[in-house]
Amino acid sequence: MTLSPYLQEVAKRRTFAIISHPDAGKTTITEKVLLFGQAIQTAGTVKGRGSSQHAKSDWMEMEKQRGISITTSVMQFPYHDCLVNLLDTPGHEDFSEDTYRTLTAVDCCLMVIDAAKGVEDRTRKLMEVTRLRDTPILTFMNKLDRDIRDPMEVMDEVERELKIACAPITWPIGCGKLFKGVYHLYKDEVYLYQTGKGHTIQEVRIVKGLDNPELETAVGEELAVQLRDELELVKGASHEFDHELFLAGEITPVFFGTALGNFGVDHMLDGLIEWAPQPMPRKTDTRLVEASEEKFTGFVFKIQANMDPKHRDRVAFLRVVSGQYEKGMKLRQVRIGKDVVISDALTFMAGDRSHVEEAYPGDIIGLHNHGTIQIGDTFTQGEMMKFTGIPNFAPELFRRIRLRDPLKQKQLLKGLVQLSEEGAVQVFRPISNNDLIVGAVGVLQFDVVVARLKSEYNVEAIYESVNVATARWVECSDVKKFEEFKRKNEIQLALDGGDNLTYIAPTMVNLNLTQERYPDVQFRKTREH
């Protein structure tokens, strides 16, 4: 049976994001992936912050200064017969809720682990978010050209800490200065590593078969014997790859390599193309929407301001769930019930914006937005429904915002509410006083907010520490008990940017005690947009 042209386009799409701890090599791997997709000709490794050859996926002024990728950009490139959409996730200490939310817009994730360090804190947090939707995960063990921990030990740590089974697809031969390449367990081939070829795609020398005498010549007798011994152990002790379990988010295929040396990245990409799901169905408040449906639907997962310093615009990033976007089509913005004609949607090659004529499920398009679009907005061809599963996450860091000029309180509030609708920060207004508290997931968000308040709203503000450890959205089905809870805890209650009641806890101990005291009240860590 031949698929219709529309379904052929859907079947080509793969949409994924990379999750890692800062400095595990995420930006480098992004560069190399784009190199294989021929989207850039030579990879501009992210050098020291002063260097002029900035990596392609880092943009916005503050990023250029700090050498980090703050804003979640989107890159589309062809690979084999597929079209891959890679959503970049800010990786530094200065990442934000955008990073979390981006993970709700992809069908698959690539987890990059520094094989010398193993599982790190940020990776744990991001994996928790992928668990909300049981997203399939591929794993790349990076930095094999350095001295690493025992690969078996690192895989055990992944299984233990991230609660996901590991199925090695390739296995390293040596590491550091002795790194010779990898063996592919399912193709029975050895791929040999050459140093100094990191900026280009290299022809890799292949030795066919583990028992091939050429192996000794290529890697030396000692490493060849060691490899065969290790593989007996690996085959006995590790899981076999199972596609069904991978799609359910229960097992991850593991690839070894070095992103900086541009080795092993293509094995991982081949696995992604072969195993990652096509665009997946998504839930709305009324029904499940399948990618095969021909009527257009999509949702906004992120809004970014000033992608173009020359134009002070905001761009809303929309993930297409079903149907085909065509230039000039009329779409309904469901939340406000208004029809809009969209003739200037954008596609992205990090920072290079180009107008898009058409887009299919799995693609990300940018909509120009002058403050009318919010995170979580659903666009359809008329059907009244709302996509679910695009959450707000309870902030982990809090500051009080203070004005230099007290007469600008109104502009400050307007600016903060708009920034919170964009997902740049969350704002809380305590019920018992006139403070304005902002909450974020990464420290840099506070600097971004102060800079944007000044440039976009002409408000000079400073932030200072505040005695808040965490926040939870509260609700209760028993009106009487809820009233009593509100009366007795007024000093800890606040309204967020969308006027939702929030409990602001000065310490985790306070939160735990309050939760025990009021078992009928629900304290939530995430809230639907």
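Counting begins at 1 with the first residue displayed.
Using N, Cα and C of the backbone, Cβ positions are placed for all residues, glycine too.
Here's what Swiss-Prot has on this protein:
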type	residues	note
DOMAIN	11-280	domain 'tr-type G'
BINDING	20-27, 88-92, 142-145	GTP binding site
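Projection of Swiss-Prot feature records onto the structure.
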residue : record           : Cβ neighbours (10 Å)
Ser20   : GTP binding site : 24
Asp23   : GTP binding site : 15
Lys26   : GTP binding site : 28
Thr89   : GTP binding site : 25
Leu144  : GTP binding site : 28
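According to DSSP, Ser20 (GTP binding site) sits within a strand segment.
Across the domain 'tr-type G' (11-280), the prediction's mean pLDDT works out to 85.
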